[in-house]
Amino acid sequence: MKRIAVLTSGGDAPGMNAAVRAVAKVAMAKGIEVFGVKRGYLGMLHDEIFRMDGSYVSGIIDRGGTVLLTARCLEFKDPKFRAIAAENLKKRGIEGIVVIGGDGSYRGADLLSKEHGIKVVGLPGTIDNDIVGTDYTIGFDTCLNTILDAMSKLRDTATSHERTILMEVMGRHAGDLALHACLAGGGDGVLIPEAENPLEMLVYQIKERRRQGKLHDIVLVAEGVGKVQDVEDYMREKVSTEVRSVVLGHVQRGGTPSGFDRVLATKMGARAVELLEQGEGGVMVGIENNQLVTHPISFAWEGTRKYDIKKDYELAVMLSK
Ligand code: ADP
């Protein structure tokens, strides 16, 4: 394969730039021409495709966000528009693409591959850690650390005012961010979409902890369980402490990527180029048991997660008592 392209799509995640850099540099080292596509599938459709050189990816490894920009492109769900996008690649002789994004982006890549013969490799770029076929996604670790930083700050004020703080964190339908933050930050409760989350139990726990002299509670609430305000309304009536909720929001998407995310992104980016060089496509790269692995790209929506989140949930509940 002589020409490939790289794009970032869906929600941005810290470490995407490190992946773009690795793809570009490894491709160049192998004598493969590499193109950048701006704004994900939107740019592919609008022909925002440019030849990348070393200077484009210089100095980006430690930058959050994505220098290629990202966008959502609803037209890409329509085969008519996918044909236009594919033609924009083909007229440049681009035979393979690396798509860095979530499972929605993988679906688009899969269709592009099946309908137009473009070889595609998906890299899991999302803070949510919600992609089947990988233990970790690029951006998850950085985001977790951002949450932990905020948690420490909230704990200072929660203790001073003896408050119960409900902290809503991102994750879409996955509870990984909330659960890991609870485990790593010493949270005092966690609500995730994968569990029943009996609120009566949480209330009981908070009351007990206060009886034992605790001065604060920080409860992690995954966005997938619903509105944090509803939890606050429920809690307010049951506990005697002051309850406040905080929605951490988009600050979770930003920041300089952690060392872990940079290494993960770099290894995955390099593997993606190797796969394309070997003429492989229709795959996603993951990391399982600390080894890079590949799966058919459809594994992201057809497969099942290996991670036993319920077990870690039970641990988090036990530790938050
Ligand atoms: P993520 O990749 O983070 O899951 P989205 O679900 O928003 O984010 O998907 C990103 C983009 O991928 C969409 O804007 C669209 O262009 C493309 N996409 C998503 N789902 C499909 C689909 N079913 N068919 C074709 N393209 C899709």
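Just so you know, glycine gets a Cβ as well, placed from its N, Cα and C.
Note: TrEMBL annotation is automatic and uncurated.
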Checklist line | Recorded ADP site member, picked from Arg51, Arg155, Arg244, that accompanies Arg21, Ala22, Val23, Ala24, Lys25, Gly186, Gly187, Asp188, Lys214, Leu215, His216 in TrEMBL | finding: Arg155
Note to self: Of the candidates Glu115, Glu223, Glu274, which one does TrEMBL list alongside Thr126, Ile127, Asp128, Arg163, Met170, Gly171, Arg172, Arg244, His250, Val251, Gln252, Arg253 as binding substrate?
What the structure shows: Glu223
Notebook entry, point to check: TrEMBL has Arg72, Cys73, Gly102, Asp103, Gly104, Ser105 down as binding ATP; which of Gly11, Gly15, Gly175, Gly185 does it also list for that site?
Noted result: Gly11
Check: Which residue, out of the binding-site residues Gly11, Gly102, Gly104, Gly186, shows the minimum number of other Cβ atoms inside 10 Å of its Cβ in this structure?
Finding: Gly186
Note to self: Mean pLDDT for the domain 'Phosphofructokinase' (3-276), rounded to an integer?
What the structure shows: 97
Next item on the list: Over all pairs in Gly11, Arg72, Cys73, Gly102, Asp103, Gly104, Ser105, the listed ATP binding residues, work out the largest Cα-Cα distance in Å.
Entry: 14
Note to self: For each of Cys73, Leu215, Val251, count the other CB atoms within 10 A of its CB; which of these binding-site residues has the top count?
What the structure shows: Cys73
Checklist line | Asp188 (ADP binding site) - helix vs strand vs coil (DSSP) | finding: coil
